[in-house]
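Note sheet for the following structure.
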Amino acid sequence: MLYPTEFDVIVVGGGHAGTEAALASARMGAKTLLLTHNIETLGQMSCNPSIGGIGKGHLVKEVDALGGAMAAATDEGGIQFRILNSSKGPAVRATRAQADRVLYKQAIRRRLENQPNLWLFQQAVDDLMVEGDRVVGAVTQVGVRFRARAVVLTAGTFLDGKIHVGLNHYTGGRAGDPAAVSLSSRLKELNLPQGRLKTGTPPRIDGRTIDFSKLDEQPGDLDPIPVFSFLGRAEQHPQQLPCWVTHTNERTHDIIRSGLDRSPMYTGVIEGVGPRYCPSIEDKIHRFASKDSHQIFLEPEGLTTNEFYPNGISTSLPFDVQLALVHSMRGLEQAHILRPGYAIEYDYFDPRALKSSLETKAIGGLFFAGQINGTTGYEEAAAQGLLAGINAGRYAQEKDAWCPRRDQAYLGVLVDDLVTRGVSEPYRMFTSRAEYRLSLREDNADMRLTEVGRELGVVDDVRWDAFNRKRDAVSRETERLRTTWVTPKTLPADEATALLGKPIDHEYSLAELLRRPGVSYDGVCGLRGGECGPSEPLAEDELLLAQIKEQIEIGIKYQGYIERQAGEIERNGANENTRLPDGIDYTEVRGLSFEVSQKLNQFRPETIGQASRISGMTPAAISLLMVHLKKRGLGRRKGADSVPGADVQADNTAAQQ
């Protein structure tokens, strides 16, 4: 039957990508339908019970700055919070949290059920409705047809998923859930380029059978306790729990080696490529054969369960080998395994067949997000889902697509890497992937993205008001520090010596003092000489005050580096954002080699910047492209005339940093 209501956007899948996509399009005012095979698994953490980390935490902050749910749900469900790289520079500091699976899932579902313009429906999708070269809806397994202007597909590992434990295997999207076999077959009929990837998960352990007296305790940060969302509060956190650390040993490695003849990875049963940066324990002992041991983190799954997640022993070895390797480690000699580890193979589609909006180039209105694009990780999925949801909503509203640039967000880096370079293995975000990481910090994600999010319609009044208070306070106080001066007469020698190590010998602004190594904002404002402290409190809320102080310190201490990077961004920006016409035939560009023109015609980059990052492209080829565009009056800047926030982001680069 044809469902009587027509929707603007249909989102298929209720994982981290699907939930963010549905919430984003609904926040924009698009009538949105979220189709999931099981409402009870909305927002489920299928693998590790944690959010964030290096690069990943940056993505979560950006999702939050654009009104997404992941950071706020983590604050409500997080049972341990840490700042990684806290002793290093601000560019690589990152938030990571352990989450109670049940509390996190409840927080996501609560937001879905209370979001205006969003409807939920429990049914697996078996087919897409395609008319000509555009999608017009989806068909469920019982034949219900839903029509929509745009469809976002967030299928995770479910597309023709196959689960492996030793040499045994069976179809499944994850343990306990069916695979999407019919939908996978339908997508293959559409002739979209695809392949197979693989990921895995470790066995789960009953905490009552762990000897914690033999393990090293790893507590979270307590002073202060971090929060993930810019609107978060430490008071939202439930009870905090420690993690625990054990290690593999030579006996563990011998047990693993003895089972490789029954490993699906080492016997050719698994064809898909696994994640390089989250390898199975089989891969670890093979790739790092010289290492005598590997750290294993025992992470609690929640407050109301005894289940522990042993981070570091993802495996698809036979269960008897899994049991032996677990028992070989200190503290786990008597451990009971609750669930076996397994590997899962699944279909993905070459992201080079996508536009930067995450819409497929071949089928109008069809968007892909998450593991279907070859990525791995909750955070990468959530970021893509949010972008796909925004652009599906804009597509339904007949507005131009939006995507941040590489110098504006890690989300921009992620998408640009996917659509220009593709993937040969599951893609994971790192800070090292960003050229301008000093400008793309966790602390300034809101300064970079919240204003454009407001224009896109995904930032609500509460977030907007909080952002404006913070931005105004940072601007006002930074200006005060730059224009307030102290002299040897107004700053007593003993105070100067306590702060700087010696008295001052001439006039300094407070900003110049703050720029000195080891000098903090509080230290400068605590000086009695002159008018050093602010005339009024920067914020009544302690968390907001801490965020303001951090922004001020980083902005002043790293001002020279940030300005240098801003200049580099400006110099590279002209060519980077020059659009390439949709219908251009690259074989007609004089001087291009056959190989280069063939690649350009195959991958159809949207901008000169994207073209420059395609494998095999040379500076000479880019110059020929620029000459071709100039001669024919083609190409235009990607930005102000087509999407919200382009003017704002260009004009306020310094303020964002």
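Using N, Cα and C of the backbone, Cβ positions are placed for all residues, glycine too.
Features of the protein shown, as given by Swiss-Prot:
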- G13, G14, G15, H16, A17, G18: FAD binding site (BINDING)
- 274-288: NAD(+) binding site (BINDING)
- 636-657: region 'Disordered' (REGION)
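Here the features listed in Swiss-Prot are placed on the structure.
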residue : record              : Cβ within 10 Å
G13     : FAD binding site    : 31
G14     : FAD binding site    : 28
G15     : FAD binding site    : 30
A17     : FAD binding site    : 34
G18     : FAD binding site    : 30
R276    : NAD(+) binding site : 14
E282    : NAD(+) binding site : 26
K284    : NAD(+) binding site : 19
H286    : NAD(+) binding site : 16
F288    : NAD(+) binding site : 11
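Calculated from their C-alpha atoms, the gap between S280 (NAD(+) binding site) and H16 (FAD binding site) amounts to 23 Å. The Cβ centroid of G13, G14, G15, H16, A17, G18 marks the FAD site; residues of that chain outside this set whose Cβ lies within 8 Å of it are V11, T19, E20, A21, T36, G43, T154, G156, A369, G370, A381, G385, given in sequence order. Look at C278 (NAD(+) binding site): DSSP puts it in coil. Taking the binding-site residues H16, G274, C278, S280 in turn, the residue surrounded by the fewest other Cβ atoms inside 10 Å of its Cβ turns out to be C278.
Between the CA atoms of R276 (NAD(+) binding site) and H16 (FAD binding site) there is a gap of 21 Å.
According to DSSP, G13 (FAD binding site) sits in a coil region rather than a helix or strand. H16 (FAD binding site) sits 28 Å from K284 (NAD(+) binding site), taking the CA atoms of both as reference points. C278 (NAD(+) binding site) sits 24 Å from G13 (FAD binding site), counting Cα to Cα. Checking each of the binding-site residues G13, G15, G18 against G274 (NAD(+) binding site) by C-alpha distance, the shortest gap belongs to G15. The CA atom of G15 (FAD binding site) is located 33 Å away from the CA atom of F288 (NAD(+) binding site).
DSSP gives K284 (NAD(+) binding site) a helix state.
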